[in-house]
């Protein structure tokens with residue numbers, strides 16, 4: 001193995017590859033392309049994965065929603081088709097009886113589920129927007145980014161049923177002039193004036209609220225619209241280490257119990273499980289990552305085989321040169337080592353260039369998609385993957401280099417010299 | 001220097017066997033300049049290839065500088081070639097992407113001579129063949145005679161015991177041929193042993209001894225009055 005560290009060996013190899021430029025360039029392009037595709041693909045897949053993760057970032061991953069529907073079975077003298085109405089008291093009951101629940105937020109809404117949105121006026125401008133009655137705890141489940149200077153609904157608002165509201169970016173655009181500061185201003189929602197206390201920023205991806213949703217305290221909502229104890233739906237966040245699917249079942253079972261519904265009745269309450277939905281999407285992203293890995297490795301393989309091919313052709317072309325070298329005293333081992341080292345060296349150089357190029361393209365894509373509404377964030381390839389690819393290339397480069405090397409030494413020098 | 005006894009060599013061509021060398025007995029002393037002559041098919045190139053360890057003998061013995069040459073594997077043969085022999089080919093066989101100096105230095109590379117010393121020696125031998133100022137030129141930039149002189153410098157560079165020249169003037173016109181022969185004579189004058197395969201009568205007479213091969217046997221082996229090539233240059 002001493003020859004690897006011998007400066008002379010490398011000078012000889014460098015001489016050989018630098019003076020056969022076309023061959024070298026074609027060879028390098030083959031592997032460079034392979035590793036470039038590998039890095040770009042797996043980086044992009046990772047970026048997508050990260051992007052999805054970011055989309056779900058604004059929502060507690062372990063959360064679910066439950067709402068009332070109509071019963072589908074008669075029970076305890078009640079006939080079938082009885083409409084279910086969730087009550088505020090259910091929340092306390094659920095929280096007490098199901099310890100897996102971390103947060104529970106009752107919500108009530110106008111404008112989203114078949115009800116009319118509310119006509120909202122400010123000065124000469126107006127619009128119709130959905131209005132939500134909310135508790136502060138809602139932000140624990142669906143993070144609301146509030147612009148500087150504002151706030152979300154707080155406990156005091158709830159206790160005093162204050163007429164305050166948090167509005168969306170679109171509300172601001174449509175109700176206020178460009179340079180106006182909306183916070184502290186009053187808008188008329190329905191027949192009542194509300195003071196704007198905050199503006200929420202639309203979180204990308206999974207959001208249940210549009211950029212024109214108005215939030216008011218739950219207590220204010222129920223007073224205003226005379227909804228009493230009624231709740232449209234509960235947002236429930238379970239603890240992180242809990243199986244939210246089980247919580248979903250428990251919640252529905254308990255609600256059936258509270259509302260005197262047949263325990264077998266699956267249709268009385270509807271629910272949606274975000275954990276499952278997220279698992280599906282992230283499974284897709286994982287699949288993409290795996291696919292890109294396979295495609296990338298296949299491309300690398302193709303590139304390395306390309307190198308082998310070109311080296312094999314060049315050995316044919318160089319038969320005479322190798323014959324001369326052997327006539328001058330090169331041992332078969334020296335000839336073989338030279339060809340293998342040429343192959344490994346070219347693979348390495350091409351691989352490193354491909355990695356640099358791939359990383360460059362990834363960073364360009366990252367910059368281009370930064371401000372777009374596209375689930376793509378921080379495309380990276382883990383260092384072990386990069387090193388692994390490089391290692392695979394070197395090993396394959398060696399193996400593939402062996403084929404032409406073996407061919408080069410299997411020809412008798414006399415035959416090599418005779419070949420014209 | 002060279003001692004050959006009862007050398008046989010045949011090539012298998014499918015089912016037929018072609019008996020090329022049929023019992024050659026032949027020896028060369030140190031400092032000799034021997035021409036091996038014969039028409040094509042007489043076995044003269046085969047003999048040279050066996051002498052050069054590029055080919056194996058079937059039967060008989062071959063001793064080079066007291067070392068018996070037999071049952072060599074490729075590695076051993078390569079080492080012996082490097083240590084004992086210098087080759088000069090009809091088609092020059094220079095490596096086309098290496099400069100003249102790099103071509104001359106190549107056998108030294110396989111002798112594990114350091115880079116600096118290689119370059120110095122290469123220049124020294126190029127100077128000897130009168131091509132020092134062409135050291136950095138590629139073979140494609142040299143004329144046929146110049147190429148052959150580079151090849152001779154390369155054969156000399158390893159300081160071999162024997163120089164083997166296979167039709168060294170075969171691809172050259174007569175004026176250049178005489179220049180090359182002049183060079184070979186001068187190298188011989190310094191005491192080097194040289195074997196030249198040729199089918200040209202005038203080239204053969206520029207050697208000190210002529211060995212005639214016909215149908216695989218030596219038919220004539222005579223010392224001749226050397227004609228100096230200098231006078232034709």
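Cβ coordinates come from backbone N, Cα and C, glycine included.
Note that the structure is predicted; figures quoted are calculated from it, not measured.
Per TrEMBL, the range carrying the annotation transmembrane segment out of A:264-289, A:290-315 is A:290-315. Annotated range for transmembrane segment in TrEMBL, selecting from A:25-45, A:46-66: A:25-45. Counting same-chain residues at least six beyond the ends of the transmembrane segment (A:344-365), those with a Cβ under 8 angstroms from any Cβ of the stretch are 13, 17, 24, 27-40, 43-44, 47, 303-304, 307, 376, 379-381, 386, 389-390, 393-394, 396-398, 401. Counting same-chain residues at least six beyond the ends of the transmembrane segment (A:25-45), those with a Cβ under 8 angstroms from any Cβ of the stretch are 285, 288-289, 291-293, 295-297, 299-304, 306-307, 310-311, 346-347, 349-351, 353-355, 357-359, 361-362, 365, 376, 379-381, 385-386, 389-390, 393, 397. Secondary structure of the domain 'ABC3 transporter permease C-terminal' (A:294-413) per DSSP, as helix, strand and coil residue counts: 100 helix, 0 strand, 20 coil.
Nonlocal intrachain contacts for the transmembrane segment (A:290-315), taken as residues 6+ away from its ends with a CB within less than 8 angstroms of a stretch CB, comprise 20, 23, 26-27, 30-35, 37-39, 41-42, 44-45, 322, 339, 342-343, 346-347, 350, 385, 389, 392-393, 396-397, 400-401, 403-405, 407-408.
Beyond its flanks by at least six residues, the transmembrane segment (A:385-403) meets 31, 34-35, 38-39, 42, 293, 296-297, 300-301, 304-305, 307-308, 311-312, 336, 339-344, 346-348, 351-352, 355 of its own chain at Cβ-Cβ distances under 8 Å.
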